[in-house]
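Annotation comment: Swiss-Prot describes 230-349 as domain 'PAZ', evidence class sequence analysis. What Swiss-Prot lists as domain 'Piwi' is 518-819. Among the features that Swiss-Prot reports, region 'Interaction with guide RNA' is placed at 530-567, 758-805, with the record citing similarity to another entry. Per Swiss-Prot, the feature divalent metal cation binding site maps to ASP598, GLU638, ASP670, HIS808; the stated evidence is similarity to another entry.
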Amino acid sequence: MEIGTTGAVGAAPQFSVPRRPGYGTMGKPIKLLANCFQVDIPKMDVYLYDVDIKPEKCPRRVNREVVDSMVQHFKVTIFGDRRPVYDGKKSLYTAQPLPVASAGVDLDVTLPGEGGKDRIFKVTIKFVSLVSWHMLHEVLTGRSTPDPLELDKPISTNPVHAVDVVLRHLPSMRYTPVGRSFFSSPEGYDHPLGGGREVWFGFHQSVRPAMWKMMLNIDVSATAFYKAQPVIQFMCEVLDIHNIDEQPRPLTDSHRVKFTKEIKGLKVEVTHCGTMRRKYRVCNVTRRPASHQTFPLQLENGQTVERTVAQYFREKYNLQLKYPHLPCLQVGQEQKHTYLPLEVCNIVAGQRCIKKLTDNQTSTMIKATARSAPDRQEEISRLVRSANYNSDPFVQEFQFRVRDEMAEVTGRVLPAPMLQYGGRNRTVATPSHGVWDMRGKQFHTGVEIKMWAIACFATQRQCREEVLKGFTDQLRKISKDAGMPIQGQPCFCKYAQGADNVEPMFRHLKNTYAGLQLIIVILPGKTPVYAEVKRVGDTLLGMATQCVQVKNVVKTSPQTLSNLCLKINVKLGGINNILVPHQRPSVFQQPVIFLGADVTHPPAGDGKKPSIAAVVGSMDAHPSRYCATVRVQRPRQEVIQDLASMVRELLIQFYKSTHYKPTRIIFYRDGVSEGQFRQVLYYELLAIREACISLEKEYQPGITYIVVQKRHHTRLFCADRAERVGRSGNIPAGTTVDTDITHPYEFDFYLCSHAGIQGTSRPSHYYVLWDDNCFTADEFQLLTYQLCHTYVRCTRSVSIPAPAYYAHLVAFRARYHLVDKEHDSAEGSHVSGQSNGRDPQALAKAVQIHHDTLRTMYFA
């Protein structure tokens with residue numbers, strides 16, 4: 001986080017972020033290593049210059065080449081032996097002043113262009129200000145805090161940004177930068193993902209202010225890139241064509257649409273002009289093949305004639321197309337009609353894939369990138385040694401020193417809470433390493449199921465009647481043991497086919513069987529039926545549904561059935577377990593509501609779809625039952641637009657459920673990046689207050705607002721081998737860190753609340769941005785850890801508190817409610833939901849939950 005990027009818009013001083021209330025002391029100490037490396041920075045001032053490059057809007061890569069060439073070219077007159085560092089946009093830093101007038105200096109820079117033509121750039125350099133690293137030392141040691149007005153200055157004058165640019169300058173020239181990571185093309189290894197994509201490995205690097213020092217956070221990182229290959233091969237991969245020569249016919253419409261979707265927006269280079277490898281961006285794929293696709297060609301005598309692409313290539317380049325029956329790529333601007341046959345194009349190397357990966361690609365990616373904690377630790381250490389920062393001439397220029405051993409940190413393993421079950425003997429479960437067992441225990445409050453139905457959307461061949469019968473018998477046995485008795489056989493059990501049959505069947509059930517509590521739906525693998533079941537059940541008719549994959553019906557296991565019962569009991573109003581009351585923190589002594597909030601955005605490149613905001617609120621004192629609210633809002637908008645009305649609904653609902661008004665509101669907010677802290681806090685805190693005042697003028701409960709972050713690159717490792725847990729050698733569940741690698745004076749901490757099963761555990765990062773309730777560090781860390789044990793869908797502690805997790809589920813479910821049957825396939829992992837042309841009212845209505853479902857945990 002930039003030093004002090006919090007506070008509020010206009011840096012209103014009343015919105016300064018709470019200072020750390022002290023350090024946590026609870027739990028058993030554990031020695032850890034963090035992938036943070038100390039950077040020693042001199043107490044000096046550096047010089048910031050503004051760089052203006054014309055023509056504007058060049059990619060950063062080009063800007064860097066321009067600046068690099070400029071430094072070489074004007075070495076004698078301006079730069080001498082200085083080694084400036086540059087951020088790829090507007091900011092250039094030097095350790096010594098440059099001999100340029102205060103009005104700035106204009107320079108001409110030439111880069112070799114394509115086809116022997118030079119490209120000329122005009123560069124203006126102008127001094128802006130000194131950036132002080134003295135101040136940085138004062139802040140890091142906690143001797144001074146930035147003045148709130150400092151926070152509104154441009155990022156370039158921020159001393160942390162300057163440190164970041166110095167350490168990023170050389171890698172940005174050497175590798176392909178993506179966000180805060182660097183990648184290089186795979187040499188000597190090959191990790192295809194299918195569909196023309198492959199895995200590139202690289203590293204993440206970012207600078208963070210920590211206690212007493214600056215830290216460089218380094219992590220191994222992987223992402224999907226498009227494979228550099230002929231477009232014909234790319235097409236074959238995307239369309240699963242094994243041999244292009246066996247495809248003598250033009251592409252079918254559905255194939256062409258699929259191919260267009262994948263290649264649109266990618267850069268290709270041509271191969272038919274010798275060494276002139278001109279690059280183009282694809283804007284479309286033609287409907288007609290190269291043998292029929294025409295364009296107006298101007299002859300030398302000024303006459304214009306229609307030519308097909310195939311004819312033109314034969315006449316102009318003496319090139320007989322091998323695949324004239326395949327379509328052409330339309331490149332450049334759509335109105336210009338530039339067509340290229342597929343066979344003369346290659347995919348340009350180094351293009352990152354921002355489109356969503358398919359399920360298969362995602363699982364291949366996870367397999368290729370998951371590393372056990374000790375392996376990852378070793379890999380990061382190797383990376384830092386080979387990066388050899390201290391020999392980087394730019395790091396030397398600014399007199400930095402980067403330590404090459406990981407930061408040693410003392411963490412604490414918090415005690416796990418005990419969980420109260422029900423039944424006659426009211427047993428208590430004590431988690432061990434984040435896991436506990438329900439065998440021999442009964443739900444705290446089990447529901448009795450008297451009337452239920454089964455709808456099987458798998459075929460009779462996939463799931464025979466006796467298999468169904470076996471499944472229901474097993475389910476009834478397990479549910480009885482768990483204290484959720486399912487009485488008798490289902491009142492209805494029928495086979496059906498396809499999403500179109502869901503609504504008529506459910507309507508029939510609702511009208512025929514009064515008091516029907518549950519429909520169990522059996523699905524044949526990945527299918528649009530799921531989205532339709534949830535749309536009809538959650539939004540249209542208000543019926544509880546539980547989907548089961550056919551493979552889990554054919555081959556049942558007690559574990560799967562038990563997990564089904566966890567979900568069913570909660571959907572029907574039961575309570576699986578509660579935190580043992582006497583060990584909960586003191587915040588529970590008065591009525592308190594826990595809110596979780598999340599905004600999910602449409603996949604990249606999908607500009608038309610809305611973002612979805614979800615807020616859930618606890619409805620009892622345990623807290624175990626939650627109620628959901630959900631809204632659609634403008635795409636990519638991070639602030640929850642309608643938060644005041646959502647919180648108001650939840651407060652009213654809490655009052656109806658408990659007959660109390662909460663005196664405290666604990667708000668866990670997921671999915672905010674550090675650059676947005678101030679903006680989101682300012683808007684949302686006021687919205688929560690507004691919700692309270694709208695209910696009663698004098699109603700002012702204490703609000704605690706916490707951001708939960710999972711998407712960061714801090715990893716923690718056990719320093720002592722003996723403390724490693726499980727097959728992947730991770731840190732134990734409950735590991736907490738609030739010193740050394742955390743903020744110099746703001747209230748943040750890392751907590752790894754789950755047991756890592758695969759790969760390296762990622763601790764969640766909690767940032768308390770507002771706290772009227774004056775929590776101590778211990779109280780708040782323990783509360784957060786306990787809430788990670790209240791997630792109803794499994795008997796494990798999860799990686800973020802239950803309310804934040806539920807908000808995520810609610811938003812994700814709303815994506816399914818938005819699937820528009822006419823236009824969307826809801827296929828693959830792409831729940832698409834552009835409600836093509838549906839207006840905002842229609843979208844808002846589509847995610848509205850039926851009043852019978854509203855008060856249930858339908859999302860469980």
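Positions of Cβ are set from backbone N, Cα and C atoms, glycine also.
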Going by DSSP assignments with H, G and I as helix and E and B as strand, what are the residue counts for the region 'Interaction with guide RNA' (758-805)? 15 helix, 9 strand, 24 coil
Within 10 Å of the Cβ of ASP670 (divalent metal cation binding site), how many other Cβ atoms can you find? Include all protein chains, please. 25
These are the binding-site residues: ASP598, GLU638. Which one scores highest on other Cβ atoms within 10 Å? ASP598
Simplified to three states, DSSP reports HIS808 (divalent metal cation binding site) as helix
Around the recorded divalent metal cation site, report the further residues of that chain (criterion: Cβ within 8 Å of the mean position of the Cβ atoms of ASP598, GLU638, ASP670, HIS808; site residues excluded), sequence-ordered. ALA597, VAL599, THR600, ALA614, ARG669, GLY671, VAL672, ALA804, ALA807, ALA811
Please list residues from the chain of HIS808 (divalent metal cation binding site) whose Cβ is under 8 angstroms from its Cβ, counting only those at least six apart in sequence. ASP598, THR600, ALA614, ASP670
When secondary structure is assigned with DSSP, how many helix, strand and coil residues does the region 'Interaction with guide RNA' (530-567) contain? 27 helix, 5 strand, 6 coil
Tally of residues which DSSP labels helix, strand or coil - the domain 'PAZ' (230-349): 38 helix, 38 strand, 44 coil
Mean pLDDT, the region 'Interaction with guide RNA' (758-805)? 98
